[in-house]
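Some notes on the structure that comes next.
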């Protein structure tokens with residue numbers, strides 16, 4: 001499932017020739033996650049963004065036997081029993097997981113450009129007078145979301161589907177996950193109901209929806225991948241990258257982008273808060289991080 005970007009998924013597994021694109025700029029990188037975000041020019045003059053992430057290492061004996069058989073070590077230094085090398089692995093183990101956003105717009109470019117980050121404490125009044133008007137003016141297209149919900153795209157990737165129009169959702173892998181290493185599992189639930197932008201819109205009336213996503217989503221993950229519910233973190237982003245309610249499910253050992261403090265809000269915490277105070281998220285000050293050039297940050301300051 002696509003997360004954070006607009007995309008048209010056709011299910012076509014044919015190779016894409018990159019000769020029609022040329023390098024323009026490195027927007028950002030993440031050395032800890034071995035990721036890079038590259039701005040490209042296309043032959044027709046439109047911009048594109050390539051998100052490149054090195055795949056996690058395999059953990060099975062067969063793969064490592066093949067790696068050891070087909071690899072060479074290029075020496076860097078040696079000191080007593082300790083040696084440093086560059087491991088030159090076979091091509092089949094050196095693929096880079098990538099997502100192409102094409103065509104992209106200035107909002108996408110700003111999203112992936114490295115910037116200073118700041119903490120925002122958003123009061124209910126701030127949300128009504130600053131954040132909500134910004135969302136209404138600047139929401140990126142949700143066509144890719146509706147394509148998934150309407151079975152126009154990514155049908156073959158659906159893990160579980162609840163068809164109820166009010167409390168239903170679709171669970172599918174996020175494009176950040178290669179689908180191979182379970183310790184990097186990343187799937188996402190998209191709610192069927194339109195109009196719920198984020199946790200700010202949730203009330204106790206939405207508890208059946210949220211509990212259904214949690215319970216049915218975790219059961220579906222266990223059935224397909226064999227992972228127990230205690231091995232999965234389920235959370236929302238606030239602010240989310242797109243304003244149609246969705247829930248992230250990741251392996252508890254995986255430090256996914258934006259899964260930490262001041263960005264991720266646990267699904268169980270949201271459920272518990274709404275049970276205690278039915279309109280908790282309309283009354284609370286919510287804390288999140290924003291980039292320096294983010295219009296929400298500029299308006300707040």
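Along the chain as shown, residues are numbered 1 onward.
Every residue, even glycine, has its Cβ placed from backbone N, Cα and C.
Taken from Swiss-Prot, the feature active site, nucleophile covers 246, and the record attributes it to similarity to another entry. All protein chains included, residue 246 (active site, nucleophile) registers 23 other Cβ atoms within 10 Å of its own Cβ.
Feature annotation from Swiss-Prot assigns substrate binding site to 154, 176, 237, 238, 239, 240, 241, 242, 243, 244, 245, 246, 247, 248; the stated evidence is similarity to another entry. There are 21 other CB atoms within 10 A of the CB of residue 247 (substrate binding site), with all protein chains counted.
With a threshold of 8 Å between CB atoms, the same-chain residues lying at least 6 positions outside the motif 'Histidine triad motif' (244-248) that come near it are 3, 142, 145, 169, 174, 186, 188-191, 193-194, 196-199, 201-202, 213-214, 217, 233-237, 256, 259, 264, 267. Per Swiss-Prot, motif 'Histidine triad motif' is recorded for 244-248.
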Checked against DSSP, the composition of the motif 'Histidine triad motif' (244-248) is 0 helix, 3 strand, 2 coil
Most isolated by CB count within 10 A, of the binding-site residues 154, 237, 239, 241, 245, is 241
The number of other Cβ atoms within 10 Å of the Cβ of residue 243 (substrate binding site), counted over all protein chains shown, is 21
